[in-house]
Structures are given as C-alpha cells and as structure tokens.
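Student: Per TrEMBL, the features are:
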type     : residues  : note
TRANSMEM : A:12-35   : transmembrane segment
TRANSMEM : A:47-66   : transmembrane segment
TRANSMEM : A:72-92   : transmembrane segment
TRANSMEM : A:104-123 : transmembrane segment
TRANSMEM : A:143-167 : transmembrane segment
TRANSMEM : A:193-219 : transmembrane segment
TRANSMEM : A:231-253 : transmembrane segment
TRANSMEM : A:265-282 : transmembrane segment
Amino acid sequence: MSLIEFLGNHTYRMVLFGTITIGLVAGALGSFAYLRKQSLISDVISHAALPGTLLAFLTAVVVLGADGRNMIALIIGAVIVGTLAVLFANGITRASKIRIDTAMAVSLTVFFGAGMLLMRIIANGAFPGKGGIQDYLFGNASVITIADLTTSITVGALALTLMLLFWKEFSLRTFDPDHSTVLGFRARTIDTLMFTTIVIATVIGVKAVGLVLMVAFVVTPPAAARQWTRTLPGMVALSGLFGAVGSGVGAYLSIVLGKVPTGPLIVLTLFAIFLVSLLFSPRRSIITRAISRTRARAALKRELLLASTPAEGALR
Amino acid sequence: MSFVLGTTLLAVVTALACALPGVFVVLRKNSMLVDAISHAVLPGIVVGYFFAHNLDSPLLILGAALAGLIVVLGSEWLSRTGLLTGDASQGLIFPALFSGGVILVTLNFANVHLDTHAVLVGDLNLAAWQQLIIGGASWGPVYLYVMLAVLLVNLAFLGLFYAKLKVTTFDAQFATSLGIRSGLLNTAFMFLVSVTVTAAFNAAGAILVIALVVVPAATAYLLSTRLSVMIALTTGIAVAGALAGFWLAYVLDAATSAGMSVFYGLVFGVVLVATRLRQRRNRNVREHAVAASQ
C-alpha cells in the first residue's frame, strides 16, 4: 500500500494521527514520571481510568441524558478518578510505613475492582450506547473519530502547555526537591499539578490503546530517550519524538499487515527503539560501556607491564 | 459437596495460597512485580498451548510461570545495567510480553477459546464448574485440589526457608556475609510466586491475583511489627476477605474477583484510618502527659 493510498483512507488517517498524538503527549510527559522514579504510576492511572470513564458514562447517560460516548466527558471522569488513585497511593505512603510499590498495588487493585463492579452494573442495566464500553480494557484504535482526535489534540496540548508554563517548578522539584521547598514552592501543589499532566497523558490513550498497554507509552520513550541525551529539554523533546515515531510506525505496520492489533504492535515498536538505544547509544549503552571497559583494562595491563620491565636505556 | 461449599472453599484456599508468599513480596518491595508477572502470564499460556494443544495441560501453567520468571529476571538484569531509574525496568518488560501474547492470540489462535477478557477478569464460579466425581459422589471443584497443592508447596517452601527468607529480607548484607546465596533464593522465591499467580489466575484473573497477593499482607503490615504476627494476621484477613468478598459478589451479581478486591480494599482503608487515628490519639495523650508533668 502506498503512503498516498494509505492517507486517503479516513479510518487509517484517524488511527495514524490519533496514535501519533497519544505517543507524542505520553512520551513527552512520561519523562517526568521516569525521572521521578515513579514510572509505574501510569499503570495505576490507566487502571483507575476504567471506573473513571464508567462513572462519567453513567453521569452522562443518567443525569445529563447525553450520549455516553462523548470523549470529553469520559476524559474528565478518567482524569478525576485517575488523580484520586495517584493521591490515594501517595497518601498511603505518607500516612503509614507502607512503601510506594505496595501502595500503588493496593490503589490499582481497589480502583480496578470497583471498575469491574461498575462494568457489571452497566452491562446488566439498559443504558443507551453501552456497546463500545468493553473497548476500554484492550483499546480499539479503529474507532477513533474526528471528534475524538480533536479532543485528544486539545487535551494533550493543554497538558503540554501546563508542562511548559511550570517547566522551572517541575524540573526543580524533580532534580532538587529540597532546594525547591527552600525557594518557597509548594511541594504538594507542584506534585499534584505534575501528576495531573501525567494522568492526562495516560488517559487520552486508554480508548485507543487499552488500559493494560498504556503504561508502555509512558515508560518506554523516556527510557530510550535518556540513553541519548543529558539535558532535560533534550530528553522531553526526544522522548516525545520517539513516542510519536514509534506510534506512527506501529500503527502503519498494523494496518499494512492487517489483522494485527494496533496497540500491541506499537508497544513492540517502542520496545525495539528502546532496545536499540540501550545497546547502541554513543555515550551510555551496554556495548560502548563494554568496549571502554576492555580498553581501560588493556591500558592498565600495558601500564603494569611497562612498570615491571625497565624501559630501554634506563639507568641501572 | 454442594456447589456453593466447594466454590467457597476454592475462594479460601486460593486466597491463602496467594496471601502467604505475599507477606515476603510486600516486605521485599516486590508488589508491583506481581502486577508485571500477572500480565506476562498471557504469552506463557499461549506458547504453552502452542506445544500442548490442550487448554487443560499442565504445560500451560509451566509456560506461564516461565514467562513470569522472564519478567523477574529480565527486569532485574535491566536494573543491574544501571542505565534505568526507579521502577521503569518492570514497566518496560511486561507490556512488551503482553503485546507479544495478544499478537500471538490474534494471529494463530483466533479460533481457540482463549478469551482475553476472561483472562483479565477471572471468575471463581467458572473455575469451579468442573467438579471432581469419585464413585458417583462430588468432591468439589477439580481446581480446589490444584490450589490446595499450590498452597502446600508454598507452605513447605516458606517453612523450609523461613529463616533464610527472613534474614535476606531484613538484612541482605548480613545474609551475604553468612554465606546465603540470596540471588538464588530470590529467584526460587519469585518462581514460586510466578507459579502461584499462574495457578490462581485461572480462578481469579489478573487483577484479583495482585489484590490477593498484596492487600492482605499490606493490611497486616499496618498492624504488626513482628514477622510472625504479620503472617498470622495475613492469614486471618485473607480468609475473612475471601468469604466476605465472595458474598459481596453474589449480592451484586458481579465477578468474584471484583467483589473480593473491593472488599480487601475496604478493609485496608478502614485499618489505615484506624491506625492513623490511634497514632494521633497516642501522640495527644503523650503531649497531655508532658504538659501535666511540667
């Protein structure tokens, strides 16, 4: 299939642009989660997005009498409940001796369990438009509409703007939390704001990619980008680029190959980018490190040999 | 054995088999690793099916447990390179494995009844469907005996290696100086967790498995400062939660997994708030005592 043919098809275009948007936003904003050493928080968020979207669906249908598949409503619900799940996990560690990994696991299971109960209630009831609700588990990129795409771009741009506006606060809080407190920044406010952007980055992809795989969109591009750059702006930009390119290539391949689901193929593409970065990046990678280690060893050996055998022409 | 009794027993045995290793999972900061393992189980099952061509084959459990081990060892290797920060190494491996599993299912096994939705959610009632009939009388679900075997293996492992697990968990350096091969012990333990998660998976689904492993132990951890007390409390909470969650699922006509994880979460929340309040009261009493003595 030629590229022109490919782009001529409305569904393909939506899948391509939709996933590229998701990859770009999640990659760029995922950098902060990665540097804060809390990458898996996006796994908690994506699982909590399920009860969030379902609650939004119920509110839209029952209270407002609107269409339950309205993406803006679903995103708002997912962002609110996703943020609650993050606050819950962080709150557990603050209020008790339980550490963050266990707190995240508790938060994830509780919110997802509640989501499963809600899903059952919706499945048993007669609600209009409940048909596509199952897609949130595994995602379905082929149902992205123009309205969805516009919503993703708008919400994603909003999150990226937030990041740029609070760039100084975010980076200080990430690299030097004590200094940022001394300077008078409200740690909790900045944390909440930063996690909100990560929540947005996670939930805009849930409908297309599914909540199980969304974590890969947030974790993999930053991990790959970190191999190539030493600066924060460089890392955020490169990570966004990796996310976008990986998503585009994965989506294209899935359509051209046919029958292969989009989300998993994108994840494997991103993972390939990561592996290449881990092995071959010029400054910090497994191979360059092995080479420099061998060189250093050889140099040391030479020096030791030189020291033990007196140099020619030396005085005796 | 009646159906309800058999299924209830299955719930209790599954909860116990998961919660006991959970004590060490929580103490060793491996909670999210269980999440990663449970997601990686899918490709293992698919590959196991590829070789066995039978959904009831033990090869499926073996394949899945090996996939879990790939996650454990793979993420350990990634963190040891020193090129990644925090928990990212886990978040990198398991989505890739899960993706591979989904692609394999859609490419080769579309006709097989490997419902990815059932894999994620799980339902005890479905797992309990196949009953063990001996001499015309029902002895409860077949799966009950599978989980019972897993529980016994876990008990034996924890009993045999209790002292070593304890010392590697609380003081890894001291354990190394004693000559304990903590790497090997850790691998063996995580393999056991993998097997447990896989076996429980069929009855519980991916999500409840994490809840069953992590939440009772986390709740017990809030209430105890001694390992023996924590283990006893974990056992109690696991059994009570299994019974109550099971009942909740019946009342709401929902999947058992969802009912149980929500109930475990409620218990955890209540205990968290209660211990918080007690701490605050103790502090107030102390401050009053100090003020009165001055």
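Just so you know, the numbers here start at 1 and follow the chain as drawn.
Using the three backbone atoms N, Cα and C, a Cβ is placed for every residue, glycine included.
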Student: Could you tell me whether the transmembrane segment (A:47-66) and the transmembrane segment (A:143-167) have 3+ CB pairs under 8 A, leaving out pairs under 6 positions apart?
Tutor: no
Student: At an 8 Å Cβ cut-off, counting only pairs 6 or more apart in sequence, do the transmembrane segment (A:231-253) and the transmembrane segment (A:72-92) clear the bar of 3 or more pairs?
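Tutor: The answer is no, given that the two segments have fewer than 3 Cβ pairs within the 8 Å cut-off.
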Student: Taking A:12-35, A:104-123, A:265-282 as candidates, which has the most Cβ pairs under 8 Å with the transmembrane segment (A:47-66)?
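Tutor: Per the Cβ under 8 Å count, A:104-123.
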